[in-house]
Amino acid sequence: MRIGVLALQGDIEEHEQAIRDSSRSLGFKVDVVRVKRPGDLKGLSGILIPGGESTTIWKLSQGELMLALRDEILNGLPAMGTCAGAIFMAKEVKDRVVGETGQGILGLMDMTVIRNYYGRQRESFEMDLNLEGIGSVRAVFIRAPAIVRIWGKANALSELNGTYPAVIQDNMLALTFHPELTTSKVHEWFLRELVLK
């Protein structure tokens, strides 16, 4: 089994380690590959879209990689997006300060995301968060977005003051926090429930 990590920016190594730890825990071997070009998507069983600065990631991909990624996910490739990854997966994105962003997105999930919802770096925080089907995890929110509205096929796995830190829709899981910094429980759930099914 091959799991890809979009490797343009963000906690790439931490996601790779969380996937390896999860596969050991589940009792199977996984090859983790870094995805930097459309051709790297071939033969994947799932993909992680890490956090980072969303407009920078889009520019680094030249859009071409993201469009190929979108096609793969629409064709059933299981995907997990954290922080900026959740922004890319949303059908609607706004910014806390400027409103409409016009930034490139994949537009896959029935949800509205507000970038930098909690403010700047100094407003970053950690908390224990209960995720349906996963349990309690230590959630790290770093310049985090917030999912403020869901509709259609999107379902919340948790709620936080009127926002949804974890949302699932079909083969996609979006998280506004960074699970890779504290636990592999979320990655394990992703592998078990979305990749192996």
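Backbone N, Cα and C define each Cβ position, glycine as well.
Residues or ranges marked as active site, nucleophile in Swiss-Prot (evidence: sequence analysis): Cys83. The secondary structure of Cys83 (active site, nucleophile), as reduced to three states from DSSP, is coil rather than helix or strand. The Cβ neighbour count for Cys83 (active site, nucleophile), using a 10 Å radius and every protein chain shown, is 28.
Annotation comment: Swiss-Prot describes His178 (among others) as active site, charge relay system, evidence class sequence analysis. The secondary structure of His178 (active site, charge relay system), as reduced to three states from DSSP, is coil rather than helix or strand. In sequence order, Asp11, Glu14, Gly51, Thr82, Cys83, Ala139, Val140, Phe141, Ile142 make up the list of same-chain residues 6 or more apart from His178 (active site, charge relay system) whose Cβ falls under 8 Å from its Cβ.
Packing around Glu180 (active site, charge relay system) is summarised by its Cβ count: 27 other Cβ atoms lie within 10 angstroms of its Cβ, all protein chains included. Residues annotated as active site, charge relay system in Swiss-Prot: Glu180 (among others).
Among the features that Swiss-Prot reports, L-glutamine binding site is placed at Gly52, Glu53, Ser54, Arg115, Ile142, Arg143.
Of the listed binding-site residues, namely Arg115, Arg143, the sparsest CB environment within 10 A is found at Arg143.
Of the recorded residues, Glu180 (active site, charge relay system) and Arg143 (L-glutamine binding site) place their C-alpha atoms 16 Å from one another.
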